[in-house]
Structures are given as structure tokens and as C-alpha cells.
Amino acid sequence: MQRSVLHTASQLAHGMCLLFPRTGAFRGLKGPSVSSNVGCKVILALDPPKRCLHAGAALFASKSSAVSSQPADTPRKVPEEREPLTSATEVPKQSPVESDASDPDPLQDKSISLVQRFKKTFKQYGKVMIPVHLVTSTVWFGSFYYAAMKGVNVVPFLELIGLPDSIVDILKNSQSGNALTAYALYKIATPARYTVTLGGTSITVKYLRKNGYMSTPPPVKEYLQDRMEETKDKITEKMEETKDKITEKMEETKDKITEKIQETKDKVSFKKIKD
């Protein structure tokens with residue numbers, strides 16, 4: 001009797017395990033639903049009730065661990081809106097025309113360096129500065145060469161001003177002698193040469209303006225604009241001349257065609273009258 005009761009209970013438990021392996025058991029648990037693929041395998045043996053109880057415990061443990069392993073929903077962070085940066089191109093810039101118009105005369109501008117004054121003066125007064133520079137450079141080099149010919153020893157002076165020993169040794173042991181010494185002094189005196197050239201250019205420009213040989217030069221930008229306008233005017237004149245010639249040719253051709261048509265009409269009307 002006891003064995004039959006146990007056998008019946010084992011069959012009922014075995015049926016319950018077969019019914020609930022792939023369904024969502026333990027639906028009372030809070031949280032997201034667990035995948036339905038989790039199940040249990042039932043092995044038929046001599047003692048099925050114990051196997052079914054072990055399978056049910058394993059199913060419960062797997063579902064509870066899956067529920068606890070899932071993190072809680074965290075609120076999403078909304079990205080903060082950044083203000084657009086102002087581009088560097090929005091900074092107002094001074095137009096080149098205004099900068100050119102505000103440039104002072106390089107001969108009178110003392111705020112820039114000597115080399116910059118020399119370059120700007122060359123750009124603006126090149127026709128006057130080149131002859132002045134050639135004359136002053138010839139005088140400088142000739143004076144140094146004459147001093148070297150007269151036996152002036154410049155080596156102690158070069159050592160005194162701190163010239164490199166390599167250059168001083170070349171001057172001491174040089175075969176050319178006077179020419180090389182004069183050239184070395186010529187290069188050393190570059191600041192003085194530039195100053196004399198600028199002064200000579202300024203005096204020459206004032207003299208030429210005073211006697212009416214030279215007018216005040218316009219800025220480079222205005223000069224280029226004038227040259228472009230002259231070129232534009234010449235091109236416009238050429239185009240107008242070409243247009244006039246083409247118009248004359250077209251009128252001549254039109255007159256000839258009109259004459260031919262008129263002659264043809266006269267011939268046709270004459271034939272009709274004759275007939």
C-alpha cells in the first residue's frame with residue numbers, strides 16, 4: 001500500500017516537472033521576464049521524485065540569478081547643448097586699401113628698422129635709390145681699398161669689434177690682400193652704408209620735387225589700380241573698334257543681300273508683265 005502511494009506521488013511529481021520546464025514559472029518575481037529557453041532536464045531513474053525536486057530547485061536558482069544579475073534601469077544622461085564657438089574669420093579685418101593709404105613715407109618713418117626702411121624706400125623710390133646706392137657703394141668700397149693699399153692694418157680693429165677668428169685668420173693669411181680687406185670692411189659697414197643711401201635718396205627726392213622733375217608718388221595700391229584702369233580702357237577701345245568693324249561688315253552684307261533680292265523681284269515682275 002505504501003509502495004503504491006509513493007509510486008502514484010512520483011508519477012504526479014514527474015508530470016508536474018514535464019509541464020513546467022519551459023514555461024514562465026515563478027511569475028510573482030519582480031523584474032523583467034526571464035528567457036523561456038531556460039529549463040530543466042529530467043532524467044528517468046529509479047527514484048524520480050528526488051530528481052524532479054532537484055530539477056525544480058535548479059530552475060528556481062537559475063531564474064533568480066538571472067533576475068538579480070540584470071542591473072536596474074539607470075536614467076539616460078541628456079547631452080548638454082554647447083554654444084557654437086565664434087569662428088576666427090568673423091573678426092573684422094582692416095582692408096588692404098586702408099592700410100596702404102595710412103602707410104607713411106618710408107623716408108620719414110623712424111618707427112621701423114633700418115632694413116625695413118631700406119626695402120620700403122626701394123619699392124617706392126627705386127628709380128632714384130638705385131643710382132644713389134651705386135654711387136655711395138662705389139665710394140665706400142673705393143675708400144676701403146685705398147686705405148688697404150696705403151698699408152692700413154684693419155686686423156686689430158676687426159678683432160676689437162668681435163669678428164669671428166675664422167674670418168680674421170683668412171684676412172691675415174690671404175694672398176689677395178687689399179681687395180679682400182676692402183670687401184670685409186665694406187660688409188662690416190653695411191648699417192652705415194644703408195643710412196648714407198637713405199639720406200642721399202631723401203635729399204635727391206626733395207631736390208627733384210622742388211624743381212618739378214618728380215611728383216609725389218601715389219601709394220602702390222593706387223598705382224596698380226591706375227594701371228589696371230588704363231589697361232581696361234585700352235581693351236574697351238579695342239573691343240569697340242572691333243564691334244564697329246563687324247557692324248559695318250554686317251551692314252554691307254545686308255545691303256548686298258537686299259540689292260540681290262530687289263533685282264530678283266524686278267526680274268520676276270518683268271517676266272510676269274511680259275507674259
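Backbone N, Cα and C define each Cβ position, glycine as well.
Copied over from Swiss-Prot, here are the features:
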type	residues	note
REGION	68-108	region 'Disordered'
COMPBIAS	74-84	compositional bias 'Basic and acidic residues'
DOMAIN	109-221	domain 'DUF1279'
TRANSMEM	128-148	transmembrane segment
COILED	221-271	coiled coil
Residue distribution over DSSP helix, strand and coil in the domain 'DUF1279' (109-221): 83 helix, 0 strand, 30 coil
Predicted model, mean pLDDT over the domain 'DUF1279' (109-221): 80
